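Peer 1: Below is one structure. I have some questions about it.
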Amino acid sequence: MEGELAANWSTEAVNSSAAPPGAEGNCTAGPPRRNEALARVEVAVLCLILFLALSGNACVLLALRTTRHKHSRLFFFMKHLSIADLVVAVFQVLPQLLWDITFRFYGPDLLCRLVKYLQVVGMFASTYLLLLMSLDRCLAICQPLRSLRRRTDRLAVLATWLGCLVASAPQVHIFSLREVADGVFDCWAVFIQPWGPKAYITWITLAVYIVPVIVLAACYGLISFKIWQNLRLKTAAAAAAEAPEGAAAGDGGRMALARVSSVKLISKAKIRTVKMTFIIVLAFIVCWTPFFFVQMWSVWDANAPKEASAFIIVMLLASLNSCCNPWIYMLFTGHLFHELVQRFLCCSASYLKGNRLGETSTSKKSNSSSFVLSHRSSSQRSCSQPSTA
């Protein structure tokens, strides 16, 4: 069934290198043919994505744990976004990698439903935690006095995770272990109505991509307007302070200059965090746009080239978003990784120094014991010589 194949593609459920015998044929009519060359490319791409996502996000979490500013609100959101990216790596990329290696799903029906459920949980969590971080930056810039407190931040993150768990529930009912050929079982999606794949893929696209992108665009539109307005006010205040009337004002002019400079410093710090979240959002859009474009094309166009290699590889590149985020953190918060490297070097130096001290003390003990033995033997010889004479 065309709808079943499209649904499997949409969430990386079925081995993407499987080419169906016919677009209009039933999926249970015969086992799909396997494109071995394409499967090897998929395995290589997924291995690279998995390595980058695991290593990068693990370093971010370790750096956030060792930093002195671990209670920062921005770092709090970064931590949960890194956790979501690790969920994508472990429960979305890794199962798909194993699937491409084995070609078939080997496991019970419960494991099939659980894997498909967790794959979409990571997708929702990564998207909506990024949206929450952007809303926090919008409040910090537009309404700094009414920005969320830390306890509210925790509740918002908890509500986001719970919402993602609930929104992913349809996966449990759509996917199951089914017989796709005589004696051949696979984790497959089945829709009761023929319009089911179109409705489901469209809903996923709206919930994970289109609606978040609209909200993100609104957030950064407000942020850009507020920053532009703030720059205008600071420019006007600086011009007024440098005017002759401001110079004649004495202490008042100096106080105005002090206020302007302090506001400028605070704005630079906030603008830097806004730049970081904006680049993360841009990476999100770049990575997910081809994926959802191909998804919508596959279910709304019966003549879509579902067997084309480029069409299938694009399905895998959405997970690149989980690899990009750690490098963006490193670019804008380099002190985190600098502190992590320094901590690692200090621990390594302390370990090596401890080993050297241990070796030195051992050698001193051996030298002192040999000196005592030689001293005792010489004294014994001096005492024994008169008796023999």
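Placed from the backbone N, Cα and C atoms, the Cβ positions cover glycine too.
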Peer 1: Which candidate, C112, C138, C287, does Swiss-Prot give as the disulfide partner of C187?
Peer 2: C112
Peer 1: Is N35 annotated in Swiss-Prot on the same side of the membrane as L98?
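Peer 2: Judging by the topology that Swiss-Prot records, the two residues are on the same membrane side.
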Peer 1: Consult Swiss-Prot and report the residue, out of N15, N367, annotated as N-linked glycosylation site.
Peer 2: N15
Peer 1: Highest Cβ count within 10 Å among the disulfide-bonded residues C112, C187: which residue is it?
Peer 2: C187
Peer 1: Same-chain Cβ contacts of the transmembrane segment (155-175) under 8 Å, 6 or more residues past its ends?
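Peer 2: Same-chain contacts beyond the flanks: 7, 11, 13, 76-77, 80, 112-113, 116-121, 124-125, 128-129, 132, 148, 187-191, 200, 207.
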Peer 1: So, do the transmembrane segment (75-97) and the transmembrane segment (310-332) meet, by the test of 3 or more Cβ pairs under 8 Å (sequence gap 6 or more)?
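Peer 2: Counting Cβ pairs under 8 Å, at least 3, so yes.
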